[in-house]
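Notes to accompany the following structure.
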Amino acid sequence: MSTNHIQPLLDLLYQGKSLSREQAFEIFSALIRGEMSEATMAGMLVALKMRGETIDEISGAADAMRAAAKTFPYSNGDSLGNGIVDIVGTGGDGFNTINISTTAAFVAAAAGAKVAKHGNRSVSSKSGSSDLLAQFGIDLTMSPDTASRCLDALNLCFLFAPHYHGGVKHAGPVRQALKTRTLFNVLGPLINPARPEFMLLGVYSPELVLPIAKVLKALGTKRAMVVHGSGLDEVALHGNTQVAELKDGDIIEYQLTPADLGVPLAQISELEGGEPAQNALITEAILRGRGTDAHANAVAINAGCALYVCGIADSVKTGTLLALSTIQSGKAFELLSQLAKVSSETKE
């Protein structure tokens, strides 16, 4: 295992210097190919973390991951209301909430958005998006062709990250041994193989909101909201949400309150989640229109922002209202049942 070809780049990092986007692409491509020892990988990730990753470094790492990913066979639309949207969080916010973004994906799709949700197993709670979906019998290992058919037929598909990004396995032992956040903690939402034009992306720290919006711009995302909601990696029902919105090539920063979204404030304790089986019951109740007000509102404000970002709603408030009416209709639960059926019809 030789890293001679990237040693000059490693030396730059060890000197506290920044890498260009192209250099970051080269060094992370080597990692993905399994050409880097665990010791070298740990040194690289810690060097980046201690200095603080730049926009170019995050973008280059995402470029490498995207280039190496299994292809998702889908032709994206390129206009508002037509392209693909993802509702995703970095995880790692430390709160054990219900599966808000995953549940919101069903609501947004039932309201007319084309949602390709890129997810993994739990990071910040007892139940990640993939843990939850497995409870409903949704086949996480569905082939890319099957996922594409789901997106065509149902406006929704889930792309299980390890199924598309096999090279990440090389970093697993190092990430576990380091026991600290690294660049990989923000890469997941940036490497959706469907290449969504529109994104609602939650981050675990308010310091990441603007930088990640800049990364999305560098990666060619058309329109996005990057959010941190009073400790959560999603739009908050219990306090203010910090937003960096990417629109028409510009990034504007502002804050949202629950009142701005047309819903009352709730306590974070009202959103506490549990194990996958318990969270599945909560998600089912929400999607059937039988959830608590706090649960329904938390999901609706996130689905509503996604509907705004992808152009179906003209404001976050009207998006939230559309999401709430979709929840009450029960359409989102019908969609869940259909996805479970279609996703399991064809095995790879």
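Cβ coordinates are placed from backbone N, Cα and C, and glycine is handled just like the others.
The Cβ of H118 (5-phospho-alpha-D-ribose 1-diphosphate binding site) lies under 8 Å from the Cβ of D86, V88, F158, L159, A161, Y164, G188, P189, I191, N192, P193, A194, each of which sits 6+ residues away along the same chain. Taken from Swiss-Prot, the feature 5-phospho-alpha-D-ribose 1-diphosphate binding site applies to G89, 92-93, T97, 99-102, 117-125, S129.
Per Swiss-Prot, the feature anthranilate 1 binding site maps to G89, N120; the stated evidence is sequence analysis. Cβ neighbour count for G89 (5-phospho-alpha-D-ribose 1-diphosphate binding site): 28 (other Cβ atoms within 10 Å of its Cβ, all protein chains included).
Summarising the annotation, Swiss-Prot assigns Mg(2+) 1 binding site to S101, E234. Taken residue by residue with DSSP, S101 (5-phospho-alpha-D-ribose 1-diphosphate binding site) is part of a helix.
Annotation source Swiss-Prot lists anthranilate 2 binding site at R175, citing sequence analysis. The DSSP secondary structure for R175 (anthranilate 2 binding site) is helix. Here R175 (anthranilate 2 binding site) comes close to L45, T182, F184: these same-chain residues lie at least six apart in sequence, with C-beta atoms under 8 angstroms from its C-beta.
What Swiss-Prot lists as Mg(2+) 2 binding site is D233, E234. Under 8 Å, Cβ to Cβ, and six or more positions away along its own chain, E234 (Mg(2+) 1 binding site) finds G89, I100, S101, G202, V227, N302.
On the backbone, the CA of N120 (anthranilate 1 binding site) and the CA of D233 (Mg(2+) 2 binding site) stand 15 Å apart.
When the binding-site residues T97, S101, N120 are compared by the number of other C-beta atoms lying within 10 angstroms of their own C-beta, N120 comes out lowest.
If you measure from the Cα atom of D233 (Mg(2+) 2 binding site) to that of T97 (5-phospho-alpha-D-ribose 1-diphosphate binding site), you get 11 Å.
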